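Student: To start, I am sharing the structure in question, which I have written as structure tokens.
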Amino acid sequence: MNELCPDLTSDPIGWALPPWTRAEAQALHDAPFNDLLFQAQTVHRQNFDPNKVQLSRLLSIKTGGCPEDCGYCSQSAHHESGLKASKLMEVRRVIAEATKARDAGATRYCMGAAWRNPKARDMDAVVAMVEGVKALGMETCMTLGMLDLEQAARLKQAGLDYYNHNIDTSERYYSEIISTRTFADRLDTLANVRDSGIKVCCGGIVGMGEEPVDRIDMLVTLANLPEHPESVPINMLIPIEGTPLAEAKPIEPIEFVRVIALARIMMPKSHVRLSAGRTAMTDEMQALCFFAGANSIFVGDTLLTADNPGEDKDTLLFQRLGIEPMEIGTQ
Ligand code: SAM
Ligand code: DTB
Ligand code: SF4
């Protein structure tokens with residue numbers, strides 16, 4: 001065991017508790033790949049069944065025309081992605097889609113809207129969606145942009161289990177990607193969600209032209225939140241034509257696996273989700289991500305607007321890897 005690579009098997013706690021410094025995270029990130037993966041898998045086994053992966057399904061309940069200018073997003077009104085904007089979906093259609101997802105094995109239903117924040121006039125409909133999906137026996141998740149404390153409390157009362165709100169990258173790199181809101185705005189909403197008693201789903205995107213230190217700083221911010229997010233989605237950029245990041249340099253696969261391993265070690269009890277970008281990954285890369293501690297994915301043919309591998313491919317991959325879907329409340 002070398003200095004850069006402490007023995008997590010004999011000292012799991014010392015490395016698992018915040019606050020994390022950049023230097024500690026960097027040392028782990030830079031460790032020999034086998035040491036990093038061994039440590040990540042060790043931490044994973046201490047906290048989870050290593051052969052179970054949680055399945056979430058996404059639905060875009062309001063697509064496109066978003067006033068924010070996130071440089072990666074097909075749904076921003078600032079970019080020419082060619083996506084057609086639509087109105088908020090009807091509640092009964094959302095429930096019908098959620099029923100199909102449940103019947104196909106998803107345990108969590110995540111509804112996303114291309115908003116800066118929900119308007120007062122939208123709240124009744126989103127509350128009805130949460131209540132309806134909850135009544136199907138699924139976990140509910142929403143991602144609607146910024147929330148104030150009152151809106152968060154209302155969603156909690158309706159039965160919302162999770163709220164997704166990503167910090168996306170490091171504080172340093174944030175303004176290179178988004179100019180219509182700040183990193184601090186993101187943290188404010190996360191605090192409102194946490195204070196209202198809703199579980200937090202918060203992660204980011206890699207492969208946006210950031211430096212390794214930005215990926216490390218993003219994880220340090222997440223791991224040093226007052227409580228770790230229960231879910232940590234790690235998205236690999238899906239380059240979208242017409243957006244400023246359409247030509248961003250792709251992240252190298254081994255580096256991506258390092259990010260997953262680091263997230264697992266730094267947030268040992270969180271579900272780390274291998275999120276957007278799986279269609280561009282080989283089966284072997286995904287298998288390495290599961291070994292590094294990823295234990296959640298989005299299932300289905302589409303994410304919000306972009307493609308996802310789809311049920312048949314994932315079922316086959318899980319069979320080959322001996323992975324089974326995680327049931328609600330089992331971990
Ligand atoms: N409008 C809400 C918001 O931004 O919080 C919710 C929807 S937004 C599409 C949810 C997350 O999807 C973003 O924070 C980002 O991390 C991820 N995302 C969006 N476009 C992506 C892309 N092209 N590639 C990878 N991840 C993406
Ligand atoms: C998250 O971190 N990834 C999901 C979910 N949270 C809402 C969204 C991925 C979106 C990928 C691009 C698209 O489908 O438009
Ligand atoms: Fe809007 Fe969310 Fe897309 Fe940003 S990521 S443009 S806030 S939908």
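Here the Cβ of each residue, glycine as well, is placed from N, Cα and C on the backbone.
What TrEMBL shows for this protein is this:
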type    : residues               : note
BINDING : C66, C70, C73          : [4Fe-4S] cluster binding site
BINDING : C110, C141, C201, R273 : [2Fe-2S] cluster binding site
DOMAIN  : 51-278                 : domain 'Radical SAM core'
Student: For ligand 3, which among the binding-site residues C66, C70, C73, C110, C201, R273 have a CB under 6 Å from it?
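Tutor: Among the binding-site residues listed, those whose Cβ sits under 6 Å from ligand 3 are C66, C70, C73.
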Student: How long is the line from the C-alpha of C110 ([2Fe-2S] cluster binding site) to the C-alpha of C73 ([4Fe-4S] cluster binding site), rounded to the nearest angstrom?
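Tutor: Distance between the two Cα atoms comes out at 18 Å.
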Student: Secondary structure at C73 ([4Fe-4S] cluster binding site) (DSSP, helix/strand/coil)?
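Tutor: It is coil.
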Student: Other residues near the [4Fe-4S] cluster site, CB within 8 A of the CB centroid of C66, C70, C73?
Tutor: E68, D69, Y72, S74, Q75, S76, H78, H79, A114
Student: Where does C110 ([2Fe-2S] cluster binding site) sit in DSSP terms: helix, strand, or coil?
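Tutor: C110 ([2Fe-2S] cluster binding site) sits in a strand per DSSP.
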Student: Can you list which of these binding-site residues (C73, C141, C201, R273) have a Cβ closer than 6 Å to ligand 1?
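Tutor: C73, in sequence order.
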Student: Around the [2Fe-2S] cluster site formed by C110, C141, C201, R273, list the extra residues of the same chain whose Cβ is within 8 Å of the site's Cβ centroid.
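Tutor: Neighbours found: S56, R108, T143, Y162, N164, S231, P233, S296.
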Student: Measuring Cα to Cα, how far is C141 ([2Fe-2S] cluster binding site) from C73 ([4Fe-4S] cluster binding site) in Å?
Tutor: 20
Student: For C201 ([2Fe-2S] cluster binding site), which of the three DSSP-derived states applies: helix, strand, or coil?
Tutor: strand
Student: By a simple count, how many Cβ atoms lie within 10 Å of the Cβ of R273 ([2Fe-2S] cluster binding site), its own Cβ left out?
Tutor: 24
Student: If you draw a 10 Å sphere around the Cβ of C141 ([2Fe-2S] cluster binding site), how many other Cβ atoms fall inside it, taking every protein chain shown into account?
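Tutor: The answer is 24 other Cβ atoms.
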Student: Fewest other Cβ atoms within 10 Å: which of the binding-site residues C66, C201 wins that one? Let me know.
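Tutor: Each of the binding-site residues C66, C201 was scored; lowest Cβ tally within 10 Å is C66.
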Student: Reported as an integer number of Å, what is the Cα distance between C201 ([2Fe-2S] cluster binding site) and C73 ([4Fe-4S] cluster binding site)?
Tutor: 19
Student: Quick check for the class: what is the C-alpha distance, in angstrom and rounded, between R273 ([2Fe-2S] cluster binding site) and C73 ([4Fe-4S] cluster binding site)?
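Tutor: That separation, Cα to Cα, works out to 19 Å.
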